[in-house]
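Visitor: Just passing along the structure, written as structure tokens.
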Amino acid sequence: MSHHHHAQQHIIMHAICIRTNLSHTGPGAAKHILARDRARAQKLLAGLHPHGPLSLSKKHGRTQPGGGTQEPLPADPPAPGSNTIDVTDAGVTYTMQVGVGTPPTEYTLLIDTGSSNTWVGAGKKYVHTSSSKKTGDSVSVTYGSGSFKGFEFTDTVTLGKNLIIQNQSIGVATTSTGFNDVDGILGIGPVDLTEGTLSSGKPIPTVTDNLASQGTIPENSIGILYEPTTGTDIANGELTFGGIDTAKITGEISFVPITQTSPANNFWGIDQTITYVYICAYVHHTLSDTEHGILSPDRYGTGTKILSKTAGIVDTGTTLLLLATDAFKAYEKATGGVLDQATGLLTITQTQFNNLKSLFFEIGNVTYELTANAQIWPRAQNEVLGGDPNKIYLVTADLGNIGDSGLDFIDGFVFLQRFYSVYDTTNAQVGLATTQFTNATTN
């Protein structure tokens with residue numbers, strides 16, 4: 001299973017640059033980001049707005065055996081869009097430049113794995129060209145906060161040099177609310193999320209569906225690499241449609257199937273164990289395996305189990321590493337971190353940081369090392385959080401639920417900055433690999 005991507009070696013992968021933006025910066029930002037992450041987590045825990053690769057098969061009557069319990073939905077009807085989990089409630093967002101038309105006009109679009117309509121016109125107006133065709137359908141989508149209404153067109157969409165889609169359905173907004181500094185959304189969630197958005201009721205093939213069906217990419221999957229922050233800019237990254245940019249990984253990519261446990265299996269759910277481990281320094285220099293982030297904690301050191309094997313999700317829209325309350329308390333105790341009232345995050349002293357151990361994430365049969373440096377917010381970025389420039393902030397926070405809820409962790413942006421991650425819809429699996437940034441000391 002983990003080697004299926006070698007079959008199409010002749011396809012040239014083009015990584016596309018993406019820009020990262022935090023939902024809040026400056027005074028009070030950390031509290032806002034934490035509140036946003038937790039609110040998003042509560043929606044995920046309630047199993048709202050399924051958008052993982054298994055959510056489609058469940059919708060069509062095939063059930064997955066589930067651990068965990070599905071929380072009942074609130075009795076009051078939710079406010080418009082409040083039951084969605086999309087880019088508008090993300091603590092961290094990503095944008096890319098997308099060309100529409102012939103010749104293409106460039107638009108800045110938010111990349112959203114939690115919605116599937118692609119549309120323009122929130123900022124820069126749609127430019128009609130020879131490839132623009134109005135279909136006669138109207139389109140409207142309501143998001144967690146924000147919405148747009150307009151008309152459906154088909155047009156040529158250019159994502160990158162060799163990633164050109166003919167006759168892609170796009171929404172052209174006549175009105176939109178809640179989208180500042182961007183021109184619209186590139187929706188890369190599953191196609192069933194488009195149902196009910198067109199006046200005709202037809203589903204709309206997504207950009208990834210069309211790239212796959214037009215033979216431009218071998219399968220519907222997305223690879224993401226982030227470059228951790230080095231200065232005052234937040235980390236930027238690259239998105240690869242249809243595969244893995246092998247130039248960006250060190251060692252093999254390992255895949256795991258989407259977890260069977262509900263509600264994590266509605267999203268990009270995986271099973272993992274987390275151990276906080278002391279590793280002898282000399283082991284680091286003699287074991288070539290360390291270079292690949294693969295170590296067995298049992299063999300090379302003494303460990304404190306932070307999280308026993310359980311289900312959770314990988315989520316690009318969550319900023320922090322969130323752990324169920326009991327696991328968070330174990331981490332707090334292991335690190336000696338103290339809750340900081342101003343930010344809501346754990347802080348540690350310089351001495352505690354010097355003694356901070358790695359966290360080992362066992363996912364499938366591979367163990368990934370999240371180093372001490374990877375566990376802290378980039379110190380050059382403390383003021384972006386509204387924090388104290390002289391403090392050290394840990395990026396692990398309390399998910400706000402007791403374990404065994406069927407979604408006991410969220411491996412968010414701070415975790416994903418250190419690994420290459422693959423979201424493979426075709427094969428319903430998540431892939432991870434180490435990168436040149438896995439052991440970076442830039443934080």
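Glycine too: its Cβ is placed from the backbone N, Cα and C atoms.
Please treat TrEMBL annotations as automatic predictions, because they have not gone through curation.
What TrEMBL records for this protein is below:
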type     : residues : note
ACT_SITE : Asp112   : active site
ACT_SITE : Asp315   : active site
DOMAIN   : 94-433   : domain 'Peptidase A1'
REGION   : 49-85    : region 'Disordered'
Visitor: Take the Cβ of Asp112 (active site) and count every other Cβ within 10 Å, whichever protein chain it belongs to.
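Guide: I get 25 for this one.
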Visitor: What is the separation, in Å, between the Cα atoms of Asp112 (active site) and Asp315 (active site)?
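Guide: Here the two Cα atoms lie 11 Å apart.
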Visitor: On the 0 to 100 scale, where does the mean pLDDT of the domain 'Peptidase A1' (94-433) fall?
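Guide: Reported value for the domain 'Peptidase A1' (94-433) is a mean pLDDT of 90.
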Visitor: When a 10 Å sphere is centred on the Cβ of Asp315 (active site), how many other Cβ atoms does it contain?
Guide: 28
